[in-house]
């Protein structure tokens, strides 16, 4: 898309929001409590602050203030106030390609924010535990939140991801013509690296005329040992392994499709 010469500030709002899920099986009540404590510590307010501070760097935002909070019995959120750095619009990369990978939180850039909240969860029966992180990156001006997508998915090591991207409002060029989007996009998937896309089954539901884009991701490879907490698959009977695998896979599909699935 040809770069626009605008009249005044770019008034478009670009919002990227997604849910990231991590699934685990904990055999006993003690193991379930241990998993919740482990995941709560792994994604505490300090670590989330580090992740979102790097996110601000990736999208080109300048941090003004940070507020963070860990909750009892579990969960965390962080808030970062930021401003848009003095960037030459000619240097902003608006092309449709993946952002960088790494080697809650709210941020405010002029009229923009980044936020993340965590939700560890388990049920006393069945042994299934889930961890959900809700993240939203909303920006005004030339900054694109899509550049942080690759980094955030990689950092949070997700089994399931649901992503929404929307462009709202309009901006005017020097001739007074309204523009309701200032960059090309056919799919959120085009902002992910090839190695990232190879790991997931993905489906898009897009409403192009409304500048609304939606992508769902489900991890392709399933290895039971990666989903067990303090229990080795080889210590279980074949029947137990099959039952746990079926329960985990059902849980993941229900979250991915957003509906309860009857047992076969």
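Note that Cβ sites are derived from N, Cα and C of the backbone, with glycine treated the same way.
Quick look at what Swiss-Prot lists:
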type	residues	note
ACT_SITE	112	active site, schiff-base intermediate with substrate
MOD_RES	112	pyruvic acid (Ser)
ACT_SITE	117	active site, proton acceptor
ACT_SITE	140	active site, proton donor
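Overlay of Swiss-Prot annotations on the structure.
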residue	record	DSSP class
112	active site, schiff-base intermediate with substrate	coil
117	active site, proton acceptor	strand
140	active site, proton donor	strand
Checklist entry - Within 10 Å of the Cβ of residue 140 (active site, proton donor), how many other Cβ atoms are there? => result 20
Checklist entry - At the level of the C-alpha atoms, what whole-angstrom distance separates the residue listed as 'active site, schiff-base intermediate with substrate' and the residue listed as 'active site, proton donor'? => result 6
Checklist entry - Which has the fewest other CB atoms in a 10 Å radius around its CB: 112, 117, the listed active-site residues? => result 117
Item to check | Distance from the residue listed as 'active site, proton acceptor' back to residue 140 (active site, proton donor), taken between C-alpha atoms, in Å | outcome: 22
